[in-house]
Amino acid sequence: MEAADEEKAGNGRNGHAEGPAAERGGGGRLRGCRGFLRRNALVLLTVSGVVAGVALGAAVRGAALGPAQVVYLAFPGELLLRMLRMVILPLVVCSLVSGAASLDTRSLGRLGGIALAYFLGTTLLASGLAVALGFIVRPGAGATALNAPGLGLPSTVPTSKETVDSFLDLVRNLFPANLVAAAFRTYATEYKMLPRNTTSGNVTWEKIPVGTEIEGMNILGLVLFALVLGVALKKLGQEGEDLIRFFNSFNEATMVLVSWIMWYVPIGIMFLVGSKIVEMEDIVLLVTSLGKYIFASILGHFIHGGIILPLIYFASTRQNPYRFLLGLITPLATAFATSSSSATLPSMIKCIEENNGVDKRISRFILPIGATVNMDGAAIFQCMAAVFIAQLNNIDLNPGQIFTILVTATASSVGAAGVPAGGVLTIAIILEAIGLPTNDLSLILAVDWIVDRTTTVVNVEGDALGAGILNYLNEKEKKDKEQELKEVNVEAVANSKSEGETSPLVTHKNQVSNTTSTADPESKESVL
């Protein structure tokens, strides 16, 4: 009986001891779950917004909304785009000025050189991948029912420019004549037809290039000016510190605005995606007619963004690239929904600094430049479109034309506008360069709303991984310098100790000094 009572008492004590432990374990798991949801709330809400947008578009398509109702449906998404574009100008200018001023000239040149090599190398790889996939998949060979009314082909096609004029416009936009106008206007060449009388009496028409200003921010000119201004303020030293602090404060305040806008992103994304699905007249007919082109373009984006760019990041840093990309789900989803690299820039800067720990000086220096000049996804899209139109017209591309496509796509992607459908305008440059007809660009415009989303995702992914690589190289250089400094200090201390202990000259001097200190002046003379 006593043994039984003791056993019951023991069991009671154990039960009382295990109860609070179990409660603490359950509470810990609950707190961990709450912490995870709190940390990743924006990511979960953004992904949910994309899924909800697809469901909303599929549900509303059966309601047969008119054009006015579709505009009203897209209104919340339009607000998101307007808010993101509102902060682009102060964010780009202030971040580049403060970033260039915070780096010394040597670091600025080294990082700029590495970034330029990375941007050009990845864009060339993307162009080569697109041309190779175009010859393997042959998207133009299976395009059928191209004139069907259900495709929703646009009636107007962008007017093509001469290749020389396109590159001259690129250089002109680097040096805007008016900085205030550059915030909302861009230089572009148009053509005027003038009659010319010949000696035989016949009238010929000559195309004369004329410079005009079109709507759109001249981001290239603003980027170059901000970089040069930051370097100039750094050179001023003490006199430029007040202005540098102003731009730093302006930049931090802009980032606070961005953090507030980010909480509206899930709602805006839902209505953007839903309205785009409702706008399309016949998705099934579009996919069956141009399905191989859509498949080849998205496959190129998947290979470049999912394999090639992560491999470059891993080879440079020996770190997991997919863990790095996991912290960028929100800006990647924003890129997919808005189809705008410029509109994604604010959320990209915020997430890459907070989630991935990239140095502010690196992110705010590289990302605005990358959003302007690094267009890997656009290069794939443009090269695939050129091969598609060539195959559609039964034209075999020779090696010279392929080389022209690669070089022209790499160069023209630098000047591609970071806005929806910005890459379509640059396809005309490639087609003119290799002598292909531009009247088939309407087919590209018909599917641009699908392909442009994955294009933008690859564009911003390339910028982010480039910033991660530069951040790793910068930190590695810092550690190497610190290690060298420590080794120099340790070596200096060791040398001083060894000399004091083992050098016969030092010992002799000490002995001499000791003897002379106790001797009279005459003995000092004799010792000397």
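Here the Cβ of each residue, glycine as well, is placed from N, Cα and C on the backbone.
Just so you know, TrEMBL annotations never went through curation; they're auto-generated.
Features reported for this protein in TrEMBL:
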COMPBIAS  1-10  compositional bias 'Basic and acidic residues'
COMPBIAS  504-520  compositional bias 'Polar residues'
REGION    1-26  region 'Disordered'
REGION    492-528  region 'Disordered'
TRANSMEM  41-63  transmembrane segment
TRANSMEM  83-103  transmembrane segment
TRANSMEM  115-137  transmembrane segment
TRANSMEM  216-233  transmembrane segment
TRANSMEM  254-273  transmembrane segment
TRANSMEM  293-312  transmembrane segment
TRANSMEM  365-390  transmembrane segment
TRANSMEM  402-431  transmembrane segment
Cβ contacts the transmembrane segment (293-312)/the transmembrane segment (365-390), at least three under 8 Å, sequence gap 6 or more: yes
Seg_contact(the transmembrane segment (365-390), the transmembrane segment (41-63)) with at least 3 CB pairs under 8 angstroms, min sep 6: no
Per Cβ pairs under 8 Å, the stretch of 41-63, 115-137, 216-233 packing most closely against the transmembrane segment (254-273): 41-63
For the transmembrane segment (216-233), sequence-distant contacts whose Cβ falls under 8 Å of one of its Cβ atoms, 6 or more beyond its ends: 88-89, 92-94, 96-101, 105, 108, 170, 173-176, 179, 181-187, 240, 243-244, 342, 368-369, 371-373, 415, 417-419
